[in-house]
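S.K.: This is the feature table in Swiss-Prot:
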- H864, G865, S866, G873, R880, S906: NAD(+) binding site (BINDING)
- 512-523: compositional bias 'Basic and acidic residues' (COMPBIAS)
- 228-362: domain 'PADR1 zinc-binding' (DOMAIN)
- 544-640: domain 'WGR' (DOMAIN)
- K134: N6-acetyllysine (MOD_RES)
- S180: phosphoserine (MOD_RES)
- S277: phosphoserine (MOD_RES)
- D389: polyADP-ribosyl aspartic acid (MOD_RES)
- E415: polyADP-ribosyl glutamic acid (MOD_RES)
- E446: polyADP-ribosyl glutamic acid (MOD_RES)
- E450: polyADP-ribosyl glutamic acid (MOD_RES)
- E493: polyADP-ribosyl glutamic acid (MOD_RES)
- E516: polyADP-ribosyl glutamic acid (MOD_RES)
- S521: ADP-ribosylserine (MOD_RES)
- K602: N6-acetyllysine (MOD_RES)
- S784: phosphoserine (MOD_RES)
- 360-390: region 'Disordered' (REGION)
- 376-526: region 'Automodification domain' (REGION)
- 494-523: region 'Disordered' (REGION)
- 224-229: motif 'Nuclear localization signal' (MOTIF)
Amino acid sequence: MAESSDKLYRVEYAKSGRASCKKCKESIPKDSIRMAFMVESPMFDGKIPHWYHLSCFWKVGFSIWHPDVEVEGFSELRWDDQQTIKKMAETGGRTDVSGKGQDGVGSKTEKTLIDFGAGYAKSNRSTCKSCMEKIDKGQVRLSKKVVYPDKPQLGMVDCWYHPKCFVQKREELGFRPEFSATHLMGFSVLTAEDQETLKKQLPAIKGERKRKGDEVDGIDEVTKKKSKKEKDKEIKLEKALKAQNDLIWNVKDELKKACSTNDLKELLIFNKQEVPSGESAILDRVADGMVFGALLPCEECSGQLVFKGDAYYCTGDVTAWTKCMVKTQTPNRKEWVTPKEFREISYFKKLKIKKQDRIFPPESSTPVGAAAPPSAASAPAAVHSGPPDKPLSNMKILTLGKLSQNKDEVKATIEKLGGKLTGTANKASLCISTKKEVDKLNKKMEEVKEANIRVVSEDFLQDISASTKSLQELLSTHLLSPWGAEVKVEPVEAVGPKGKSGAAPSKKSKGPVKEEGTNKSEKRMKLTLKGGAAVDPDSGLEHNAHVLEKGGKVFSATLGLVDIVKGTNSYYKLQLLEDDKESRYWIFRSWGRVGTVIGSNKLEQMPSKEDAIEHFMKLYEEKTGNAWHSKNFTKHPKKFYPLEIDYGQDEEAVKKLTVNPGTKSKLPKPVQNLIKMIFDVESMKKAMVEYEIDLQKMPLGKLSKRQIQAAYSILSEVQQALSQGSSDSHILDLSNRFYTLIPHDFGMKKPPLLNNANSVQAKVEMLDNLLDIEVAYSLLRGGSDDSSKDPIDVNYEKLKTDIKVVDKDSEEAEIIRKYVKNTHATTHNAYDLEVVDIFKIEREGESQRYKPFKQLHNRRLLWHGSRTTNFAGILSQGLRIAPPEAPVTGYMFGKGIYFADMVSKSANYCHTSQGDPIGLILLGEAALGNMYELKHARHISKLPKGKHSVKGLGKTTPDPSASITVDGVEVPLGTGISSGVNDTCLLYNEYIVYDIAQVHLKYLLKLKFNFKTSLW
């Protein structure tokens, strides 16, 4: 087979006698049929087969409805073996099925559904996966077997339901209309009374019959004739498929007798066909060519086409990043030619095959209501979110501190909502506490922080029971902690014996396979920095060795490879380590799937430094296709790409600047608090986790600016491709490139395609924030190492901005507070704004830069909001225009600096929450001059002659009669009134300048967002 498949099952003739059956543990003889269940490897980013004898496969509990669709390799079997497997699929593995008796009733063996069952609850521990209520001991319960995507090695696992709940979800669970209670495995062990009850609850559903009056003469006869014609056609096709299969296998059998493997390779090469690996694959390709003709190269990429079940698939690559997606049932061919030297072989002398086209079985798809194969999709929805009345299903809640309700009341509320109470931090999905407890950060709260569990207020419990908002929205609204990743949800059922699994974990890899939904920054890698790079702690040598540096080049590489089609999201890390004291050298490498602990590592001690360098360079070239010292890297198909990750020596500087700040600072307390807020490393990490950035493969501040700019360029290409309606393979190629450059943590999920404007816009926003975080972190790492100075003062100096606290009783403070109060838009009613502090700011060199525009008419004091993590970049470098590499999508009027005259319009860009309600917002003087007024989106790359800015006209505007002028600058602080402009797509005004020199930042406000509690 040419490429790995997404199919869950596989069948083939055993290539050797080495494989053992996972069921009976006996060896599987060579050339006998073996069937496999494909599972995610714990050792690398890919799937491996768990092989079974044909008879053992069905005993495990696997259920297949359409072997020709669900099983990889099915069509390559001999015809009789295909029929055997079809029969076993219908009967749950039995082949001794008798036909109907003379009366045609009752003598046919009924199929027992292996993936559906009935029985009595053995305890009170099981929970119905529909209503989430307990199933009492001794009560009848029904099951649907599923495969959990995060634990595929466990195989088929029972998910239990009350009979009534099962009936309600019948179609969703794939219990087909023709099935009834009698088909359930275990039905016969129920009492006669329970059997009768269940038969009434779960009967076979017959098709709706016509009313007598609806029958029209002749219709039934036509239907009968039509069905007979169709049946004859099916029989004819079946005979043709059998004849074709027999012919192919006859050719293969004769070739095996007449030719060696090398002979078969020569035949392929002579006919300009690629030679695959594996004897059986070579034989398949030669037989295909001899029967149907030699395949011509793919028209799109010139790759090799290969037969795979339902069509011929291209195995080539459209680019170095992406495989070709061509699939056809009618490939172009030429005549198969047998070389002269082969014509002396007796088989080839008498060989006469009439050239023909390959016949394919009709495209069969699983009927509506049929049981879907037990893949990731089969896992019940409750794993991720509970039913509306049980929103905390499968979640464990930890409570800390004094709450308004006592512990029993809180426990009752949580259990009513489907959750469970826990006293252990590392088992918790969520923590409910108070702001006071979070600020106090006692030992228990430290454990919560270490486990990276979100902390929410008690109000969360009240809102979730009545609110129509999603769980994630409510979590954000009530969040109290600055830390916390995605909420963990425990699997819905105890899916196997504790501490055991179907696959033994490698001694080299650390920990079990990560569960989907596990929090994304839970595992923190401590990097020991020596010399030019961080020593990987998994090597066990972080305290004894360092990464070799020679000729200015650090012998450490982090590589990435993403293939959305295959679902892989892989990394490979390579390091050459040198002992700190002795002349000893090691090569350390680790590999796996990004964002999970799937993977392994290897440490090899080398005889000498020269051997170590040679081995390192050999491995690097093997993985990337490029020489280590090559100046211009060229990406090769199916090869890794290097990530420019800067493991500089500045990590200790960051630690120094974040330990005990404020003890020696002489700055005013509000300014000290502002600096701490701007340089808060935890907030930066939280922002990266929100964007699904992998903090292990791309630690904070480590991705280079150049690589971020390259990612912008890819997004620009995506936008262009979408607007031009480019091919799917082009979009796929760009998506693969983007995710390789910027490592994302998708767990076990496939990386999503960047195939719409919204996904591009979201990634642009992510890169904007990454750039600012990169600036903030660079500032933290660089500059003065004067230990006599307070860390806050050191960071303050790096901003190169004079920051003064504005007296709350001053006139300018009064004007600003009035501006905040009056311009809060009526539609932005989820919160009120409270001014905490006002700072007057003067960026170094900005007033000089602004001087030419000081004389321009129409200067206004306007709002600009942004995330707290962006302010180190804003204050140190000013408000900037998106880089040239960035796509124009997401910018309503092109790339520029955007302002608003309504405070809440800008405040929405602060991205605060109830748990993190403090935001920062700017007031900047913008030299607008002559404004180009627009009502709808338009990409502006160059302003019309005589225009200095753009104004997006909104339906609401501050009352112009209430505006005031301060030092020649208009302050539009009137309350919102109708602008009289109705045919506009904007609710509120927007102002855009396209030259950074037209902006002079004046004030920075610290605002508290007082979120209003939901009333519904």
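Note that Cβ sites are derived from N, Cα and C of the backbone, with glycine treated the same way.
Structural setting of the listed features?
M.R.: In the three-state DSSP assignment, the secondary structure recorded for R880 (NAD(+) binding site) is coil.
Residue counts for the domain 'PADR1 zinc-binding' (228-362) under DSSP, helix first, then strand, then coil, are 63 helix, 14 strand, 58 coil.
In the shown protein chains, 15 other C-beta atoms lie within 10 A of the C-beta of K134 (N6-acetyllysine).
DSSP assigns S180 (phosphoserine) to coil in the three-state reduction, placing it in neither a helix nor a strand.
All chains included, 6 other C-beta atoms sit within 10 angstroms of the C-beta of S277 (phosphoserine).
Sequence-distant neighbours of E415 (polyADP-ribosyl glutamic acid) (same chain, 6+ apart, CB under 8 A from its CB) are L421.
Shown in sequence order, the list is empty: the chain has no residue 6+ apart in sequence with a C-beta less than 8 angstroms from the C-beta of E446 (polyADP-ribosyl glutamic acid). Taken residue by residue with DSSP, E446 (polyADP-ribosyl glutamic acid) is part of a helix.
Spatially close to E450 (polyADP-ribosyl glutamic acid) yet at least six residues away along the chain are A425, judged by Cβ distances under 8 angstroms.
Taking all protein chains in view, 11 other C-beta atoms sit within 10 angstroms of the C-beta of K602 (N6-acetyllysine).
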S.K.: So, by DSSP, how many helix, strand and coil residues make up the domain 'WGR' (544-640)?
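M.R.: Across the domain 'WGR' (544-640), the residues distribute as 16 helix, 44 strand, 37 coil.
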S.K.: Going by C-alpha distance, which of the modified residues K134, S180, S277, K602 is nearest to R880 (NAD(+) binding site)?
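M.R.: The answer is K602.
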S.K.: For H864 (NAD(+) binding site) and K602 (N6-acetyllysine), what Cα-Cα distance in Å is obtained after rounding to a whole number?
M.R.: 51
S.K.: Which of the modified residues K134, S180, S277 has its Cα closest in space to the Cα of G865 (NAD(+) binding site)?
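M.R.: Among K134, S180, S277, K134.
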S.K.: Reduced to three states, what secondary structure does DSSP give H864 (NAD(+) binding site)?
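M.R.: The residue in question, H864 (NAD(+) binding site), is strand (DSSP, three-state).
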S.K.: Rank the recorded positions S180, S866, S906 by the number of other Cβ atoms within 10 Å of each Cβ, and give the residue at the low end.
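M.R.: Output over recorded positions S180, S866, S906: least Cβ neighbours within 10 Å is S180.
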S.K.: Out of H864, R880, which of the binding-site residues is least crowded by other Cβ atoms within 10 Å?
M.R.: R880
S.K.: Rounded to a whole number, how many Å is the Cα of S180 (phosphoserine) away from the Cα of S906 (NAD(+) binding site)?
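M.R.: If we compare the Cα positions of S180 (phosphoserine) and S906 (NAD(+) binding site), the gap is 60 Å.
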S.K.: Just to verify a number: CA distance, S866 (NAD(+) binding site) to K134 (N6-acetyllysine), in angstrom, no decimals.
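M.R.: The Cα atom of S866 (NAD(+) binding site) is 47 Å away from the Cα atom of K134 (N6-acetyllysine).
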